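Engineer: This is the structure, below, for whatever I ask next.
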Amino acid sequence: MKGPRGSRSGRNGSPRRLVIVESPTKARKLSGYLGSAYIVESSRGHIRDLPRTAADVPAKFKSEPWARLGVNVDADFEPLYIITPEKKSTVTELKGLLQGVDELYLATDGDREGEAIAWHLMQTLKPRVPVKRMVFHEITEHAILAAAAHPRELDIDLVDAQETRRILDRLYGYEVSPVLWKKVAPKLSAGRVQSVATRIIVQRERDRMAFCSAVYWDIVAKLDASVSDPTAQPLTFVARLTAVDGLRVATGRDFGAMGTLRGDCEVSKIIVLDDLTATTLAAGLRGAQLTVASAEEKLYTRRPYPPFMTSTLQQEAGRKLRFSAERTMSIAQRLYENGYITYMRTDSTTLSESAINAARTQARQLYGEEYVSDSPRQYTRKVKNAQEAHEAIRPAGETFATPDAVCNELDGDEFRIYELVWRRTVASQMADARGTTLSLRIEGRAGEQHVVFSASGRTLTFPGFLKAYVETVDELAGGEADDAERRLPHLTSGQLLDVIDLTPDGHATNPPARYTEASLVKALEELGIGRPSTYSSIIKTVQDRGYVQKKGSALVPSWVAFAVTGLLEQHFGRLVDYDFTAAMEDELDEIANGNEQRTNWLNNFYFGGNHGVSDSIARSGGLKKLVGVNIEGIDAREVNSIKLFDDEHGRPVYVRVGKTGPYLERLLAGDDGELTPQRANLNGTLTPDELTLEVAEELFATPHEGRVLGVDPETGHEIVAKDGRYGPYVTEVLPKHDDDYGAADQGTKKTKKGRRASASQGPKPRTGSLLRSMDLQTITLEDALKLLLLPRVVGVDPASGEEITAQNGRYGPYLKRGKDSRPLTTEDQMFIITLDEALKIYAEPKRAGRQSTSPPPLRELGTDPTSGKPMLIKDGRFGPYVTDGETNASLRKGDDVVSITDERAAELLADRRARGPVKRPAKKARKVPAKKAARLAPARGISQSPR
């Protein structure tokens, strides 16, 4: 830990003050504003927490029945707090600093977490000097000096709210997660919000899987207005067929998820066109003239968007910048701590009077008086927890720095987020955008049939706030930007139009779009689940747990997520019920507002009581009883079986979630009538909605034994290519009399007692992993035989007498002589390198560590937008990772070396940069002499302080 910032004594005998914040960056900034009378140091986040593992539980509590929870559920839910191992030196240092000051200022963030950090600091440091709570929502000199001059008391209601959530999440996770370990797979987790978020994503995938597409047609007409008005602008435009003989032509909105017309449609007034009908109508209209039946023009206005709050910033950064929620919040945190924007965790869209004035002044200077709204705009919304209702996210200060003014001070990501916040804030005080819409109804005849075409246009007459900011639409969900224009000629009723071209246009309805991070945040917010400050961590958690992976920007659930969600829905329905979870959030907010007693609430939730609605967890006997009663009734095979559909013979097809991954299964009747399972491995890149009956049949038809390539002419053994647990490989099939001791693709066999016998007891088939340049579907017998020759003997070193071999390893091709390995530059070298060439390589001095020759990259990508350097995918000690030569970022679950995009690689690098350098084990702190502290009243909770 670095030395404190500031002097240990004030000027002219003024009080010496210690200010504690969460981060070193924040400490540096505050130290510059507060001056030498203040010592500013950081706690680096929370210093205490519940035990993470059983090993963290102090010895005297290990025998307690509640020890595994870290919460004494029998004593008013007292939490067992321990100082986390990595923070012990920090606590020692802070205690030493506290001995030389007259006042302690706790300047952590003003939300639940910040208030809790401040409370834990008080309980751990046990200060004997006056303690003041210093709160600010932006890090500017004016805000910091004002906060120091007007401190407040610690808000215990807010501390209670944080502690209750922490205890609740611990009880939920530690009681429900073991059910998943026993019934689904080890290392899974359940959570109050993460399980509901997973259910939302799974349900959307279910909807996609059940979706039946409907096909419908219409006609697009290209029309010429010059026959009536040679000066019309534009002269040509397009219109779409909307009615035939008084019947409205069906559009995608008229069809339901099953591919039929929706129940609320008046079927007698709708016509569904097919290819033939549309083509016939188009043929009948060729060369005809159409008439404008009506032209309706209307004025419209569009109001600016409110300034950002946490959730809308995450959504817009996701849509506009393609940033993940985690990446957005990490960047916003840096901007806040360095004094560029206000606090980034807020539910409020309100601006202070000075911020409104700053935005209006800047809009006036940059765009002109006419672009500023006539009066100040204030955006108010109902905030669940008034005590956490900070100002909206905006540029810091009483005057805003323009993006141009700070572009040289910020990195690329920081600049993009700052510009986004600045534009949104300034635009919020600008004038409405104004424009006109024009709707044309055009009629004609196709033989005996009366047809109606429609065209709609939009023209922006005054951009207003759109000069500064245009909100981005979610591409997966469709939509149109606010500044998009569609110009039509100004026509009047009765004018004639020539038909230039007619195109029958076929359409198919699309399944509901998968959630992106942005749309998931919006859904969680609309449902009232979680709070904006937690959304980024929730989305990260469901990906880290393997429940969800990204495909482009879409969130795709895994089959494990299906199994877990199904189990929770069937046996713990209230825990993943949207309304119940939202109601629980409101109740927790009531604790923060001082309207609910936390101990009583937790007691009802865990042990049961008369709290909540008729079927609440409390009235059902509480969480503990719910888990205890239900766990024995859970059929593991049932919850791990996801029925997809019936095949053509009425046989159910299931996805089974097994210990080594998901697989397909159905039962087939043998000649004797006995049912035997037919199974097929699932490709990890196949998404659930892509697993159709046709695809399933193809997988079932793929031989489990692999693709036969041919016969080795030397041994007569059959050579097959397989896809194994550790990737694709080739192997030889030994004759039955040679294969008494093990399966070719296992190398071991099970004994009667279930133990695996060594493959060395019998012949072992030759195997070889495919090279990176090879594909399982196209590899030839010739390629396979070359692989089976590896490791290839190159020759014998005449000097040492040691054999030199060429081999293929995890890190690429290499030479091996005894214990001395040297990398090869290409895979082809393994098959063609000569002894002389190998000896030349060994004659060169061996370079160790980072100076050694690196294996070739797994894949080359484009340029990183932040560093401007090329990105490579490499294979490292802990698996594949992306690098630009400066920053390394491991690929996460769901990221595939072959399919990863430049955009995703850049996102991983940006996330890694945002987390800062890798933390090395801290050096042992020097001992700081401290006076013996007076015995204080015991802290709430079971606290374990360092000796």
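Any Cβ shown, glycine's included, is placed from N, Cα and C.
Feature table excerpt (Swiss-Prot):
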type: DOMAIN; residues: 16-140; note: domain 'Toprim'
type: BINDING; residues: E22, D109; note: Mg(2+) binding site
type: SITE; residues: H46; note: site 'Interaction with DNA'
type: SITE; residues: R165; note: site 'Interaction with DNA'
type: SITE; residues: R166; note: site 'Interaction with DNA'
type: SITE; residues: D169; note: site 'Interaction with DNA'
type: SITE; residues: Y174; note: site 'Interaction with DNA'
type: SITE; residues: W181; note: site 'Interaction with DNA'
type: REGION; residues: 189-194; note: region 'Interaction with DNA'
type: ACT_SITE; residues: Y343; note: active site, O-(5'-phospho-DNA)-tyrosine intermediate
type: SITE; residues: R345; note: site 'Interaction with DNA'
type: SITE; residues: R545; note: site 'Interaction with DNA'
type: REGION; residues: 733-771; note: region 'Disordered'
type: REGION; residues: 846-888; note: region 'Disordered'
type: REGION; residues: 910-947; note: region 'Disordered'
type: COMPBIAS; residues: 915-934; note: compositional bias 'Basic residues'
Engineer: Does DSSP put R165 (site 'Interaction with DNA') in a helix, in a strand, or in coil?
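Structural biologist: It is helical.
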Engineer: Where else in the chain does the region 'Interaction with DNA' (189-194) make close Cβ contacts, counting only residues six or more beyond its ends and a cut-off under 8 Å?
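Structural biologist: For the region 'Interaction with DNA' (189-194), the list is 168-169, 172-173, 176-177, 179-180, 524, 529-530, 534, 538, 541-542, 545, 547, 564, 568, 575, 581, 584.
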Engineer: What is the pLDDT of the domain 'Toprim' (16-140) when averaged and given as a whole number?
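Structural biologist: Taking every residue of the domain 'Toprim' (16-140) together, the mean pLDDT is 93.
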Engineer: In the structure shown, with every protein chain counted, which of the recorded positions Y174, W181, Y343 has the densest set of Cβ atoms within 10 angstroms of its Cβ?
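Structural biologist: Sorting the candidates by Cβ neighbours within 10 Å, the top entry is Y343.
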Engineer: Quick check for you: of the recorded positions H46, R165, Y174, Y343, which have their Cα within 10 Å of the Cα of E22 (Mg(2+) binding site)?
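Structural biologist: So the list reads H46.
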Engineer: Can you tell me how far the Cα of R165 (site 'Interaction with DNA') sits from the Cα of H46 (site 'Interaction with DNA'), in Å?
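Structural biologist: Here the two Cα atoms are 15 Å apart.
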Engineer: Hey, does DSSP put R545 (site 'Interaction with DNA') in a helix, a strand, or just coil?
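Structural biologist: Its secondary structure by DSSP: coil.
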Engineer: Considering Cα atoms only, can you say which of H46, D109, R166, Y343, R345 is the nearest neighbour of Y174 (site 'Interaction with DNA') among these recorded positions?
Structural biologist: R166
Engineer: Using only C-alpha positions, which one of H46, D169, Y343 is spatially nearest D109 (Mg(2+) binding site)? These are the recorded positions in the record.
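Structural biologist: Smallest Cα separation from D109 (Mg(2+) binding site) among H46, D169, Y343: Y343.
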Engineer: C-alpha of R545 (site 'Interaction with DNA') to C-alpha of D169 (site 'Interaction with DNA'): distance in Å?
Structural biologist: 16
Engineer: R345 (site 'Interaction with DNA'): which of the recorded sites H46, D169, W181 is the nearest Cα neighbour?
Structural biologist: H46
Engineer: Going by C-alpha positions, which of the recorded sites (H46, R166, W181) is nearest Y343 (active site, O-(5'-phospho-DNA)-tyrosine intermediate)?
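Structural biologist: Answer for the nearest of the recorded sites: H46.
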Engineer: Given a 10 Å Cβ-Cβ cut-off, pick out the one of the recorded positions E22, D109, D169 that has the most other Cβ atoms nearby.
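Structural biologist: Highest number of other Cβ atoms within 10 Å: D109.
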Engineer: In whole Å, how far is H46 (site 'Interaction with DNA') from W181 (site 'Interaction with DNA') when you measure between their Cα atoms?
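Structural biologist: Roughly 29 Å, rounded to the nearest whole number.
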Engineer: Could you tell me the C-alpha distance between D169 (site 'Interaction with DNA') and H46 (site 'Interaction with DNA') in angstrom, no decimals?
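Structural biologist: Distance (Cα to Cα, whole Å): 17 Å.
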Engineer: Which secondary structure state does DSSP assign to D109 (Mg(2+) binding site), in the simple three-class scheme?
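Structural biologist: For D109 (Mg(2+) binding site) - judged by DSSP and reduced to three states - the answer is coil.
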Engineer: Other than its own, how many Cβ atoms are within 10 Å of the Cβ belonging to R166 (site 'Interaction with DNA')?
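Structural biologist: Cβ-Cβ neighbours of R166 (site 'Interaction with DNA') within 10 Å number 19.
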Engineer: Within 10 Å of each Cβ, count the other Cβ atoms and name the one among the recorded sites H46, R345, R545 with the highest count.
Structural biologist: R345
Engineer: Any idea what the Cα distance is from H46 (site 'Interaction with DNA') over to R166 (site 'Interaction with DNA'), rounded to a whole Å?
Structural biologist: 13
